[in-house]
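Now, the feature entries from TrEMBL:
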DOMAIN    19-276  domain 'G-protein coupled receptors family 2 profile 2'
REGION    300-322  region 'Disordered'
TRANSMEM  20-42  transmembrane segment
TRANSMEM  54-72  transmembrane segment
TRANSMEM  84-105  transmembrane segment
TRANSMEM  125-144  transmembrane segment
TRANSMEM  164-188  transmembrane segment
TRANSMEM  221-238  transmembrane segment
TRANSMEM  250-274  transmembrane segment
Amino acid sequence: MATVKAVMGNLTVAERQLLTAVNSGASSLSFVGSGFIVLCYLLFKDLRKFSFKLVFYLALSDMCCSFFSIIGDPSKGFFCYAQGYTTHFFCLASFLWTTTIAFTLHRTVVRHKTDVEDLEPMFHLYVWGTSGVMTVIRSIANNHEHLSRLGTWCWAQTGHTGKVVHFITFYAPLWGAILFNGVTYFQVIRMLNNATRMAVGMSERSYQPDPRSDMKALNRWGYYPLILIGSWFFGTINRIHDVIEPGHKIFWLSVLDVGMAQLMGLFNSIAYGLNSSVRRAIYERLDLLPEWSQRWLPKSSRSRGQQQDDSELVSLKIQDQQ
């Protein structure tokens, strides 16, 4: 997460207040979005499959990261340190959970393995263990300097050593996760594209799936790595700029850094969580409402959700038939 020195620096009081407002607003949106996915998982039993369980852990990490970003108070030592350690821990856990989702999809589709559910304990050890180790390492390099009235960030890193440790314990795992997710989803999409073309060419059935719907479902996976890139690109540039010119802060870059980073939970909840299965579960519950209340809902909502679900699953069905 953004540090006090790295983001606030020599900014004016008005600029710091604006950054604080951006942080609180973006974190609140991510908290609501992630909380919605967590609530859906807890309420709808038909969503409690292994694949969505990983999404649940991702949303839970995002929700905790957003929550502590909101409540952190630099004027109070305990809450300041609580924010610093917990946001670093849960934000790391968030993008590490995205790698487990990519790994699960790759192992199932490309390698044709069915043992992914047995790997859940290893996933927990990998995510929580790595996040814990990185947080402890960063805490050792932290000078524990308490800086008040500098905004909503509490983990003060001063000096070259602290900034290097920040890169090693946060941005190195982040861009490693981005690279891993990008390569993994590329292989998955290429595998399913080839399978789709083969099935369409060899099939003698009168019914043929709509290629445009299939490609839309497949290409959706390609956007997943872009979430991490979009959320942390400006933060990475801001950290590099801070190392090169530590005494000169660019306000607009700081705003993009804080805003995009804190919106990561919202982006994840939309891309990973708000899928066709969740929408279908919601539409099914809406059918139980009284008729007078259903008149206010779009009539085609459920049918669209079912059509999207079918298009997202068609490629996997093709894979099973081969």
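Using the three backbone atoms N, Cα and C, a Cβ is placed for every residue, glycine included.
Owing to the predicted nature of the structure, the values given are computational and were not obtained by experimental measurement.
Within the same chain, residues 1, 23-24, 27-28, 30-31, 33-35, 37-38, 41, 79-80, 82-84, 86-87, 90-91, 93-94, 97-98, 100-101, 104, 123, 127, 152-154, 262, 264-265, 268-269, 272-273 sit at least 6 positions outside the transmembrane segment (54-72) and bring their C-beta atoms closer than 8 Å to a C-beta of that stretch. Long-range contacts of the transmembrane segment (250-274) within the same chain: residues 1-2, 7-8, 11, 15, 18-19, 22-23, 26-27, 29-34, 36-37, 40, 55, 58-59, 62-63, 65-66, 69, 91, 94-95, 98, 101, 220, 223-224, 227-228, 230-235, 237-238, 241, each at least 6 residues beyond the stretch ends and with a Cβ under 8 Å from a Cβ of the stretch. If one looks beyond the transmembrane segment (84-105) by at least 6 residues along the same chain, the residues whose Cβ comes under 8 Å of a Cβ in the stretch are 1, 50-51, 54-55, 57-58, 61-62, 64-65, 68-69, 72, 116, 119, 123, 126-128, 130-132, 134-135, 138-139, 142, 153-155, 169-170, 173-174, 177-178, 180-181, 184-185, 188, 221, 224, 227-228, 264-265, 268, 272. The average pLDDT computed over the domain 'G-protein coupled receptors family 2 profile 2' (19-276) stands at 82.
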